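*Asks:* Shown below is the structure under consideration.
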């Protein structure tokens, strides 16, 4: 007969337990989570801090005459920014597949080491061709980090715990935005040292810091729960069991099969997630690359104003964004209503109001205030199966990052100081994100209702009721056991709830 009704706990039958012979009764769950938090999240935050710092440093360097020294035009500068996003976006799905097959400590650290070297090379640029080449190489090297980290964290925590942890890791980006202004202002004082301009030293020193941290990462970054060396055997088993209780049935490892990629490609959730990430990342990339320039242009009419002032004034904007990101993560985990949070962030408050003010403002102080309202991003994933989840995350984030190519070209020098074209296009991105979030909520709720009514039930051969379930089996599948259905169908299993 079909399997329907409430979710069957994975721990009700001893035979269903992961490594059932291991006794985990002495494991303190709260203490274990603190142990994982301390070991996993802070270092990932540092990696993303350096990633965001390095990626956005070109915006800070621009204020210290980089364009003039390289002899490039504003159009050439925008093309160089655009060149970064194509490899950065297109290589992300492949990177997440590799991450699941290669140890995170090796893959994430190697990416970091390579982009640190590329970053240092920016400090030795002499012409436009070199700039474009290095931006492409930087895109290749950085491609898998953000989706890789999000996927990696999702392999450690229950869905109700992800919001706070991803928010904690994501705040490192906003901290990097704040710190980059301070760091650039300080490093610019090295102008002339060893015959190099201040902007060169921004790239060299920030790249060197990344390389040093990458070397340490080979030993600091932990692998997946089933092989993590900092956990005891009982703790590893406990982590995997609790993830399976949360209906993350792929916890404990799964073999790669090509069908996981096709499942992701054929899932409507993948494409709506792409729209949501697009709605956030378009404005996010524009903001990270052009905040110093926007502030610089808006305040040029202020007496005594300098380029260093623009970098320093970007700091409070990112500090505010950091605070909001943490609050959103905590509220999302506490309430479990991330869809509503998405709609609120997109449709009111920060994003919408911020860009409307930026479009209409003629006052530098008001435009600067609007930057605070338009300065953060948040989204969550809701699929199951570690390879499928990795591919879906990478596709959604990759598509969103590809839109960075658009963000890189909409803030043109000819539109200074108010940049209404750029702000208007970012407002359109926000509208796309809002509509996709609303559709995502509606369709997930409708899918859960269908599963509650038993419309997605599979036929389980071990239920010997004698009923003819051939039509249901043809529609939803026939499996030997419930565990087989769970493993085969992932988030499409009838008892999985979004």
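All positions are counted from 1 along the displayed chain.
A Cβ is built for glycine as well, from the same backbone N, Cα and C atoms used for every other residue.
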*Asks:* Match it up for me: which of 6-25, 26-45, 46-65, 106-125 does TrEMBL list as transmembrane segment?
*Replies:* 106-125
*Asks:* For the record in TrEMBL, which of the ranges 339-359, 360-380 is the transmembrane segment one?
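*Replies:* Within the set 339-359, 360-380, TrEMBL attaches transmembrane segment to 339-359.
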*Asks:* In TrEMBL, which of 423-444, 445-466, 467-488 is labelled transmembrane segment?
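*Replies:* Residues 423-444 are the ones TrEMBL records as transmembrane segment.
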*Asks:* Ranges 246-270, 271-295: which does TrEMBL label transmembrane segment?
*Replies:* 271-295
*Asks:* Does the structure show the transmembrane segment (166-187) and the transmembrane segment (78-99) touching, where I'm treating 3 or more Cβ pairs under 8 angstroms (sequence separation 6 or more) as a contact?
*Replies:* no
*Asks:* Mind checking which residues reach the transmembrane segment (199-221)? Cβ under 8 Å, same chain, six or more beyond either end.
*Replies:* 43-44, 46-47, 50, 53-54, 57, 60-62, 64-66, 69, 104-106, 108-110, 112-113, 115-125, 183-184, 187-188, 190-191, 193
*Asks:* Out of 106-125, 131-154, 315-332, 423-444, which stretch has the largest tally of CB pairs under 8 angstroms to the transmembrane segment (78-99)?
*Replies:* 131-154
*Asks:* Note the mean pLDDT of the domain 'Major facilitator superfamily (MFS) profile' (40-498), expressed as a whole number.
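*Replies:* The average pLDDT of the model in the domain 'Major facilitator superfamily (MFS) profile' (40-498) works out to 79.
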